[in-house]
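Trainee: If you look up TrEMBL, you'll see 112, 249, 279 marked as active site. The feature region 'Disordered' is assigned by TrEMBL to 178-207. The domain 'Beta-ketoacyl-[acyl-carrier-protein] synthase III C-terminal' feature in TrEMBL is assigned to 233-324. Per TrEMBL, the feature region 'ACP-binding' maps to 250-254.
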Ligand code: ACO
């Protein structure tokens, strides 16, 4: 029986830093409002790089760090809600950019849960025995999806990419998972609507920009995501004490605080970096993971147990407990 393990991590963010004070020069907001409500101090905003270029930088790092050749890759999955285009996919562009000629590649769209859903899928690909090595990346240039005249959303998001290399292992590393969707509550978070447009259709007035009912999403995270994590811990027999770290989607520091209390996991075990990058949707968990490996907090030696969790548009939410 084949198992999968995360053997390398990497992240890449655009150079340009935009602070809360920078934003207050172009819209009616303040560092005080943004940091007290969200914990975010600054974010990276792409000047000229597309989503596939950020993802390609991650893929190149993963290959270099592991000493792998691009031809060894069996698959590339990119989780994104801000692709360069619907076709070709961002993953197909990455495949071409790095010369992974033997890899099939596709995008997976599940908003801020995209990386978690993709990693779960990739693990099953390897577990099937049919594939041995693949890359899973979360990559976003959300700055192009935002309505920059809407201070309620524009201040929250940032651009970036993170990813992992998955390989076969003799031991089980993916201990438990819970993946969920509730499409009936999709109205509270929307982006990228493409309306009907043909000689036979009525025209649509929908705006393509990100819209969010912040309060509804906040409550959803505290209620549904927290209960689902609690249930996952109960059903898997893994307790909060067994976890070394929890890497939650980086949307808001207050969500982390409340979630820690609700689930009953020590707050110190929740890693956070939204202060530096804002909410990068599908990229947030892999950027946090890769940065934690870079800082030596996570060792990638199979000795730590971490919970990875994403939640957002769809509505979608999902968690994986991984021996890493
Ligand atoms: N600067 C200054 N004032 C602002 C800003 C801003 N950027 N944005 C809103 N305000 C004002 C509002 O206009 C409102 O003013 P009013 O009372 O005079 O009308 C006031 O601040 C309060 O607005 P609320 O929306 O009620 O603020 P709230 O305290 O709920 O915080 C926030 C908003 C930060 C968005 C919060 O609801 C939140 O974090 N929600 C969760 C978002 C989230 O987790 N998203 C992640 C999942 S989605 C994804 O990742 C794609």
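The backbone N, Cα and C atoms fix where each Cβ goes, glycine too.
Caution: TrEMBL annotation is automatic and unverified by curators.
I'm curious about the neighbourhood of these features; can you describe it?
Mentor: Counting only residues at least six positions away in the same chain, the Cβ atoms of 249, 251, 279, 281, 282, 284, 310, 311, 312, 313, 316 sit under 8 Å from the Cβ of residue 112 (active site).
Mapped onto DSSP classes, the region 'Disordered' (178-207) shows 6 helix, 6 strand, 18 coil.
Around the Cβ of residue 249 (active site), the number of neighbouring Cβ atoms within 10 Å comes to 29.
Same-chain neighbours of the region 'ACP-binding' (250-254): 37-39, 112, 156, 217-218, 221, 272-275, 277-280, 284-285, 287-288, 311-312, counting only residues six or more beyond its ends whose CB sits under 8 Å from a CB of the stretch.
Residue environment of residue 279 (active site) contains 23 other Cβ atoms, counted within 10 Å of its Cβ in all protein chains.
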Trainee: Quick test of the contact rule: Cβ under 8 Å, at least six residues beyond the ends. What residues does that give for the region 'Disordered' (178-207)?
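Mentor: For the region 'Disordered' (178-207), the list is 81-82, 110-111, 113, 116-117, 120, 145, 147, 213, 216-217, 220, 224, 228-229, 231-232, 312-319.
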Trainee: Could you give me three numbers for the domain 'Beta-ketoacyl-[acyl-carrier-protein] synthase III C-terminal' (233-324), the DSSP helix, strand and coil residue counts?
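Mentor: For the domain 'Beta-ketoacyl-[acyl-carrier-protein] synthase III C-terminal' (233-324), the helix, strand and coil counts are 39 helix, 22 strand, 31 coil.
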